[in-house]
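Reading through the structure tokens given below for one structure.
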Amino acid sequence: MSGGGVIRGPAGNNDCRIYVGNLPPDIRTKDIEDVFYKYGAIRDIDLKNRRGGPPFAFVEFEDPRDAEDAVYGRDGYDYDGYRLRVEFPRSGRGTGRGGGGGGGGGAPRGRYGPPSRRSENRVVVSGLPPSGSWQDLKDHMREAGDVCYADVYRDGTGVVEFVRKEDMTYAVRKLDNTKFRSHEGETAYIRVKVDGPRSPSYGRSRSRSRSRSRSRSRSNSRSRSYSPRRSRGSPRYSPRHSRSRSRT
């Protein structure tokens, strides 16, 4: 097999770009996508497969936190007998930059600050177990559709925002009073309601997230940013607009 070409999207920021080394010689762009797609929306995969040298790649995500999750989750990952080296490029990351994807300006976003992409298609979830993280919640709610934001609070409640209104409606109808399992194995039956003036989260700050404090013990950390559903079949990399739920 031969290496894939360069499939470029709009220029991004260095915080979103990661280096992937120690790749097998027959690696393809699609193979790299298969390794990293679950961490978030991928903007660009640049595979370098030069004669006389081992291949390496740069993967650029839409959101810097997705890139960070990918580094934590895939550095040292065994891929067909090759232990991947995944890190931020040596040229350096930016030091906390403003949010992207939703306009410029404003205060710089902290390392674990809220994402820039938000939606009004919001549900409130209650009854979460103490170890439930926003990644767990996002995984659970993806059964209903494309999730663009998820967060949890210390009181066992959380919010989830969907890209489409019909997915929000489906979540309330199908996921209310369903069994939720955290990454630590705790289970609970959760309630799912449309957000509104009477809900616990209405008008509440999203800054009290437990999202990162527990996530580093998980090899498959998830991001709060939008991750489109994925369908397999294309031999080349392209941004996905449909994706099945995965807990692998």
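Cβ atoms are placed via backbone N, Cα and C, with glycine included.
In Swiss-Prot this protein carries:
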COMPBIAS  93-108  compositional bias 'Gly residues'
COMPBIAS  205-248  compositional bias 'Basic residues'
CROSSLNK  K30  SUMO2 cross-link
CROSSLNK  K38  SUMO2 cross-link
DOMAIN    16-91  domain 'RRM 1'
DOMAIN    121-195  domain 'RRM 2'
MOD_RES   S2  N-acetylserine
MOD_RES   K38  N6-acetyllysine
MOD_RES   R93  omega-N-methylarginine
MOD_RES   R93  asymmetric dimethylarginine
MOD_RES   R97  asymmetric dimethylarginine
MOD_RES   R109  asymmetric dimethylarginine
MOD_RES   S133  phosphoserine
MOD_RES   S205  phosphoserine
MOD_RES   S207  phosphoserine
MOD_RES   S209  phosphoserine
MOD_RES   S234  phosphoserine
MOD_RES   S238  phosphoserine
REGION    88-134  region 'Disordered'
REGION    191-248  region 'Disordered'
REGION    198-247  region 'Interaction with SAFB1'
- For each of the recorded positions (K30, K38, S133), count the other CB atoms lying within 10 A of its CB, then report the residue with the highest count. S133
- Expressed in Å to no decimal places, the gap between the Cα atoms of K38 (SUMO2 cross-link) and S133 (phosphoserine) is 16
- Task: Would you mind reading off the Cα separation of K30 (SUMO2 cross-link) from S133 (phosphoserine), to the nearest angstrom?
- Result: 30
- Helix, strand and coil totals (DSSP H, G, I; E, B; other) for the domain 'RRM 2' (121-195): 19 helix, 29 strand, 27 coil
- Query: Counting by DSSP, what is the helix, strand and coil composition of the domain 'RRM 1' (16-91)?
  - Reply: 23 helix, 25 strand, 28 coil
